[in-house]
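Engineer: Can you keep this structure in mind? I'll have questions shortly.
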Amino acid sequence: MYFGIIVVSLALAMVGLLLKVLSSKDLLDRSEAIDILTLVTSALYKLLFFSVKHEKFRWVVMKCSKFEKLLPDGWNSMTSKLSILHSMSAFAIMSFWSLCPILNWLLGVISWESLSLPINSLAPKFDGFMFGLIYLWGCISLLSSAQIYMAADIFCFSSIHMVNGAMETLKLRLEDMRKISAKDDKDGKEPRHEFLKSWINDHIEIMDYIHQVDLMMRSMIVADVLHAIISLSFAMLQSSESQNFLDWVKGSLFIIVCFVHQYLNSHFGQKLIDQQEAIRKSVSEIPWDEGSVPLMKTVLIIANGTLKPVRLSAWRMYFLQYATFVEFVKTMVSWFMVLRQLNDEK
């Protein structure tokens with residue numbers, strides 16, 4: 001029942017916001033609807049995606065739990081605390097956004113008659129109890145969108161963080177392997193080759209997991225990027241033209257959260273690339289020329305498998321790495337300047 005309430009609430013909010021965008025002639029009024037429209041639409045998509053792909057996500061969780069034995073000591077010591085902080089920060093900001101019209105009324109900035117909904121949606125005008133219900137619907141839409149976004153973030157970031165920890169262990173094991181020399185061979189057995197055979201099995205399992213996560217997350221990354229591109233530039237315009245302090249704070253906090261969200265996407269994606277590059281470097285330093293032919297073949301297989309790092313992407317349109325984040329910021333600033341100029345001309 002709770003799932004149905006959230007889906008219906010987000011769907012109604014999406015329709016109301018879309019109608020507002022299409023009907024409004026004022027750029028500022030439209031921008032206030034667009035930034036939340038993209039947020040609500042993206043959140044609704046993610047919620048339905050998680051529901052439809054439930055078994056696939058369950059497989060990811062079960063697979064990820066197997067990597068715990070490969071994690072360095074203390075690798076996950078801060079994961080739970082940071083996840084709670086990440087989730088609660090968005091909840092607090094969306095709560096402030098929801099209460100902003102009421103706070104403006106309490107401070108005397110606006111009158112009770114001009115009290116607006118927490119989302120700039122096209123909705124029937126009612127008084128009293130019915131207005132309270134519609135206001136509550138707007139609050140539910142905002143808070144649900146924030147929590148869905150944060151839940152998806154925490155799932156994605158935790159999964160990548162676990163993989164990075166497992167790859168860190170593989171890198172350290174390769175460094176330890178260099179301490180084993182050909183003199184340690186006994187009874188026809190080559191310790192380095194036996195070590196690499198065990199190592200390569202773990203590496204294959206990790207890389208398969210990364211590929212599966214990449215395939216599964218592509219559409220959600222697209223939703224993130226589209227939301228950020230469309231929403232942020234309009235949110236920046238809205239914040240810059242705010243009529244009072246609370247509205248400016250509301251818009252600024254929304255912008256900060258969106259930029260932090262995109263940065264974290266790029267941060268974890270970049271860390272995944274860096275770990276793969278570190279393993280590739282460690283593989284290249286293996287003294288393979290001192291070993292047997294089977295050892296040389298195994299090293300060659302590993303070298304070929306680590307030659308090109310896997311980069312999480314939105315169907316190769318947007319890669320999760322620092323370079324694309326920098327370009328994203330530049331694009332957002334450029335779009336904001338264009339919107340600001342258009343608004344000034346009007």
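Glycine residues also receive a Cβ, built from the backbone N, Cα and C atoms like all the rest.
Just so you know, TrEMBL annotations are computer predictions that nobody has curated.
Sharing the record's features from TrEMBL:
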{"type": "TRANSMEM", "residues": "33-52", "note": "transmembrane segment"}
{"type": "TRANSMEM", "residues": "90-112", "note": "transmembrane segment"}
{"type": "TRANSMEM", "residues": "132-152", "note": "transmembrane segment"}
{"type": "TRANSMEM", "residues": "221-239", "note": "transmembrane segment"}
{"type": "TRANSMEM", "residues": "318-338", "note": "transmembrane segment"}
Engineer: So if I exclude everything within five residues of the ends of the transmembrane segment (132-152), which remaining residues of that chain have a CB under 8 angstroms from its CBs? That is, six or more out.
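Structural biologist: Residues packing against the transmembrane segment (132-152) from afar: 5-6, 9-10, 12-13, 36, 39-40, 42-44, 46-47, 50, 86-87, 90-91, 93-95, 97-98, 117-119, 121, 123-124, 126, 220, 261.
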Engineer: Near the transmembrane segment (318-338), which same-chain residues lie under 8 Å Cβ to Cβ, leaving out any that are not at least 6 residues past its ends?
Structural biologist: 221-222, 225, 228-229, 232-233, 236-237, 240, 259, 262-263, 265-270, 272-273, 311-312
Engineer: Which sequence positions outside the transmembrane segment (33-52), separated from its termini by at least 6 residues, show Cβ-Cβ distances below 8 Å to it?
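Structural biologist: For the transmembrane segment (33-52), the far contacts come to 3, 6-7, 10-11, 13-14, 17-18, 20-21, 24, 119-121, 141-142, 144-146, 148-149, 151-152, 219-220, 223-224, 226-227, 230-232, 234-235, 238, 254.
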